Amino acid sequence: MSFGIDDLPVRDELRGKSPYGAPQLDVPVRLNTNENPYPLPEPLVERIAERVREAARQLNRYPDRDAVELRTELAAYLTKTAGHPVAVENVWAANGSNEVIQQLLQTFGGPGRTAIGFEPSYSMHGLIARGTGTGWISGPRNEDFTIDLAAAEKAIAEHRPDVVFVTTPNNPTGNAVPPETVLALYEAAQAAKPSMVVVDEAYVEFSHGDSLLPLLDGRPNLVISRTMSKAFGAAGLRLGYLAAHPAVVDAVQLVRLPYHLSAITQATALAALEHTDTLLGYVEQLKAERDRLVAELRALGYEVTESDANFVQFGRFEDSHATWRKILDRGVLVRDNGVPGWLRVTAGTPEENDAFLDAVRELKKEQSS
Ligand SMILES: Cc1ncc(COP(=O)(O)O)c(C=O)c1O
């Protein structure tokens, strides 16, 4: 047997665990990681090159540790799109919203503390909790993947978690959480502890509804987490951010690494924010494609969870992994999230979605013949 992880003196809670691992397979149609299928437009690519060239001239210096220009532009974007005033003091940015979540758990979770999420949901919340030594509590959902409010309130009262995660629209199921439910969970979390409530809005730009940003007013223990990986089509950039009370932004300074956001990242994100209108135009196309996927899958007889995101959960399958493999054999990679009976497909370009729909149509034919 070769020397492996378990032969090293790793922390006990990491023993026998697997890292996050969406397969990165080389297939013609990849619809498995909720990326935006559209490459950045050429004028933006040029603008990034310009901004990065400028930044490169000063790479002998550390970057702006507080990313003030970038946070100012992110605040302006939020103010414009959510119709709610957000100032630079309310915003913090990091390398992807995964790092934002990690910083939040380092600040408000940690050894001897716990966090709760309502599963199935974004698996990294639990994995980052583990990585920061925070105990993880898996809260319940209804059969239709909505949050079972009574059960969630009961779990919060019983476990008194330090951090409550609410993902809306939820990944992998796609459905949004009504604002009244988020408010009720916030009240329950305050009554129990008080604790921080982190609303993960990674997919909110694709939603039929609005951002929950206005709920920040008068709720200092509420945090909204966002990303440029999805709507901005910039997953490779690694830029996530949060909006919250300025005290939350001050608190995460206690755990962030100095100069965590490189000058190159800041320059690239600023260039992308200059092209917000064009990028949000792609979002409209993707929303229409998402709605087409929902309609066509239903017409084929599949069950589909309501989607407010850039992906669709569909089923049901006796053996979802076997179905995942059959779709892959037809050159289309979707996601098997381990939700029994269900698979998830990301909305791609119209051609990619056609290839996916052809594949599942063939499966239906195969079944009925
Ligand atoms: C709900 C949710 N939150 C956060 C993320 C992480 O995004 P980022 O690329 O900003 O780290 C994802 C990525 O898939 C996600 O689905």
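Note that Cβ sites are derived from N, Cα and C of the backbone, with glycine treated the same way.
Database features (TrEMBL):
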- 13-39: region 'Disordered' (REGION)
- 29-359: domain 'Aminotransferase class I/classII large' (DOMAIN)
- Lys230: N6-(pyridoxal phosphate)lysine (MOD_RES)
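Sequence-distant contacts (6 or more apart, same chain, Cβ under 8 Å) of Lys230 (N6-(pyridoxal phosphate)lysine) comprise Asn34, Glu35, Asn36, Ala202, Tyr203, Glu205, Phe206, Asn310.
With helix defined as DSSP H, G or I and strand as E or B, the region 'Disordered' (13-39) counts 2 helix, 2 strand, 23 coil.
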